[in-house]
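K.L.:
Shown below is the structure under consideration.
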Amino acid sequence: MLGGLARKIFGSANDRRVRGYRPSVEAINKLEPELETLTDEQLRERTVMFRQQLAEGKTLDDLLVPAFATVREAAKRVMGMRHFDVQLIGGMVLHDAGIAEMRTGEGKTLVATLPVYLNALAGKGVHVVTVNDYLARRDAEWMAKVYGFLGLTTGIIVHGLDDDQRRAAYACDVTYATNNELGFDYLRDNMKYERAQMVQRPHYFAIVDEVDSILIDEARTPLIISGPLDDRSDFYNTIDKFIPRLSKGDYEVDEKQRSVAMTEAGMEKMEQMLTEAELLKSGSLYDIENVSIVHHVNQALRAHSLFQRDKDYIVRNDEVVIIDEFTGRMMPGRRYSEGLHQALEAKERVTVQPENQTLASITFQNYFRLYERLGGMTGTAATEAAEFADIYKLDVVEIPTNRKVQRIDDDDEVYRTNREKFDAIVKLIQECAARKQPVLVGTTSIEKSELLAERLKQAGMRQKDFSDRAAFTGSSDGKSFAVLNARYHEQEAFIVAQAGVPGAVTIATNMAGRGTDIQLGGNAEMRISEELADLPAGPEREAAEAKIREEIAALKQEALAAGGLFVLGTERHESRRIDNQLRGRSGRQGDPGHSKFFLSLEDDLMRIFGSDRLEGMLKRLGLQEGEAIIHPWINRALEKAQQKVEARNYDMRKNVLKYDDVLNDQRKVVFEQRLELMNDEDVAETVVDMRHDVITDLVAKYIPVNSYPEQWDVKGLDFAVRDVLTLALPIEDWAKEEGIAGPEVTERIIQKADEWMASKSAQYGPELMRYVEKSILLQTLDHLWREHIAMLDHLRQVIGLRGYGQRDPLQEYKSEAFQLFSAMLGRLREIVTAQLMRVEIVSTPQPTELPPMEAHHIDASTGEDELASAGAALSARPELALATEVPAADRDPNDPSTWGKVGRNEPCPCGSGKKFKHCHGRFA
């Protein structure tokens, strides 16, 4: 109560922050008359002047007022659009590395031009991030007119570009790109072998459009570049056949936690089936040797019980394609990990693709924290303000609308069953269509959108096909409807463009990230491009365009008279933000509008998260068939349920981040070291240090500090030196010398190893030797890093069990991850040293550049592995072929230098009985 009173007197923190920007807005407005008198050339020259002032010591903050005023004047001249005062405030929030919450239709795309221009003056590159290729291309082409007028270059990063095109786009002053492309380019860059092959510049400033969608909804989804493992498609298909034979009592499903577990009876039944199929390696399903089978069974069970076709995924062209739960869009190229996607493919009887090994990965949380400065825009961020502040250190500022919102938001109507709810929805749609009020119906899945479409067809309405140009003409007849979901995404722009005409009925899955406003009366630009595509420029086209604009103006008045856009929600989403995004489609720029949600006790949110108290109250009221209950108390109860879900999801994201930060810190170290190695022309010093460290560690292992020669393991050291360094040295004779000590032995071995490598350098030439050293070092680092990622992934899956032993799983994970990282660096030194001591180059022509990385990495979107083994770069150079095989009779078991080339699956020549790859071959 006191807090509310204080806010009335002093205003909220948000109000005070907005007021703080007003003096700058007034200063920008004062400059407007002066800038209007400048010629186009004089206005353009201000960019050169600003850059000169930056070079002389001024800051970007010093230039904010004149730079913003310059952009506003340029937009007026080039596009006929003038930034409103509230848009100037939005631009300042973005420049201050905050999140500007702006309602739908308030011109976020135009707002971005202000901070983008200002920050691009620094010459370090500004990234504008969108959720899909269509929006990246549209916004870039649209706003490039302003940037180009002011002398800045604009680049676009979309799927399908080669590295040269990407490099050129990133070199521009302003680069528009999708979050996926940016993340994948970063990962690919850190798999390249030369600095010149990388495409991105250092991360300076980014503005993220639909920031809640990217940094909240997709935060837990890592970007992964992976390569296929062995094909096990038959095994997935076999396991899948067992799942339908289980009954409901054989497993328990927890929809809240999205988990499923077999009961005792289920385990016994599964063991019996696996034994009969001769797949079980021992009596019990949970014996250690059956761990892999248990994993496959669990994933198959998840695929059948937790994932629904046309809700979580669709089947298209012999593929299982994931559907984004927040946007309703298909995500081709994205695959569930850990065998779940293969289990879904087996369930749907499509071709089972090979499993993948992770080569590189990063979450959006960690990728966007690479930027020096970050800003974001969205229509709905206030509900997640705490998370933005906590994880990204970004403040959310609600920007006032240019005109007051006139939309009416009704309380929810709750019915007992889905059937009754859909009856009421169809009735309301027909009423709106009859009075020519456009309706947008939001659904949560493809399945629900098609169910409603079928109900409308039964009521006598027909579905529009926007592949027919006639669908664009004039007002809707009130007897047709359009469906916008992942199946019809090719028609998306057309459907949204016509969703605001009088009498239009549009059924859509979640509207997040659609990017296109629903304009009452229709979208003039879309109609002109479609209807006048074949009409050349000239008086006739100008007259036709004017006629279309007049028609749309008349249609807008008709839609306004009918009450504006009516947004009808068919159920509540888990997140209040997604519901607000749907509501926000109505009432843009001060237009009237209406919104209402229809619910039933059978909805997922009500069924899984709704309180028993709510359900009990509704039943006690004794609702009759077709009756609804409407009360603000129900809205509050549902909001509490949504807040619970949001809090749970936030905790999950926070927990994921804590674990991912461990990997992220290690990733930074590896990528920074890798970049330094790539930048170095000569890595000889690094290689020498590694060799000396390896020798020091070897000697310390067999000759303890301050020990006597009789305590030394001379034979062990002799074998280790032959094994790792391929050197046959008189270590036993050295040990017999009077007064000999460990450090002296170390120095002698180092001297011999250095002489051996110096002779190789003299034999093959320093330039070629430097190339070989760099190649082996980078390839070995990449190979070990991939193994390390896999080990951390396995560790993360089981570390939670430590909690049962009263130990903190996170601290245990940090400790063991550090030990694994240290061990990886030790192995790197040892393997690089061993490989370089062994390398023999058959012929020595002049070295050429390393082959391009594109021949060796996986395509981010297709999932096809193009990354060769760790020796790819060497094998691509025939002149670097290693020595040929040596006959077995000529190999000395105690001297690896006599073995020559040994097949990885051959018995090791040392006589251990192991395969070469598991013995000495681990260095090869």
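Numbering starts at 1 and runs along the chain as displayed.
The backbone N, Cα and C atoms fix where each Cβ goes, and this holds for glycine too.
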K.L.:
For the ATP site, Swiss-Prot lists Q87, G105, E106, G107, K108, T109; sort out which one of D412, D423, D465, D517 goes with them.
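P.N.:
According to Swiss-Prot, the candidate sharing the ATP site with Q87, G105, E106, G107, K108, T109 is D517.
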K.L.:
If I go by Swiss-Prot, the feature region 'Disordered' sits on one of 571-591, 886-906. Which?
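P.N.:
Region 'Disordered', as annotated by Swiss-Prot, spans 886-906.
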K.L.:
Show which residues of the chain containing G107 (ATP binding site), separated from it by at least 6 in sequence, have their CB under 8 Å from its CB.
P.N.:
M81, H83, F84, Q87
K.L.:
Can you see whether DSSP assigns T109 (ATP binding site) to helix, strand or coil?
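P.N.:
Helix, per DSSP.
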K.L.:
With the ATP site defined by Q87, G105, E106, G107, K108, T109, D517, which remaining residues of that chain have Cβ atoms positioned within 8 Å of the Cβ centroid?
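P.N.:
Surrounding the site, in chain order, are M102, T104, L110, V111.
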K.L.:
Whole-number Å distance between the CA of E106 (ATP binding site) and the CA of C908 (Zn(2+) binding site)?
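P.N.:
About 71 Å separate the Cα atoms of these two residues.
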K.L.:
Comparing the binding-site residues Q87, T109, which residue's C-beta has the most other C-beta atoms within 10 angstroms in this structure?
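P.N.:
Sorting the candidates by Cβ neighbours within 10 Å, the top entry is Q87.
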K.L.:
Count the Cβ atoms, other than its own, that fall within 10 Å of the Cβ of K108 (ATP binding site), considering every protein chain shown.
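P.N.:
I get 24 for this one.
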K.L.:
Check Q87 (ATP binding site) against DSSP and tell me helix, strand or coil, would you?
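P.N.:
Reduced to three states, the DSSP call for Q87 (ATP binding site) is helix.
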K.L.:
For K108 (ATP binding site) and C910 (Zn(2+) binding site), what Cα-Cα distance in Å is obtained after rounding to a whole number?
P.N.:
69
K.L.:
Let me check the 10 A CB neighbour count of C908 (Zn(2+) binding site). How many other CB atoms are there?
P.N.:
19
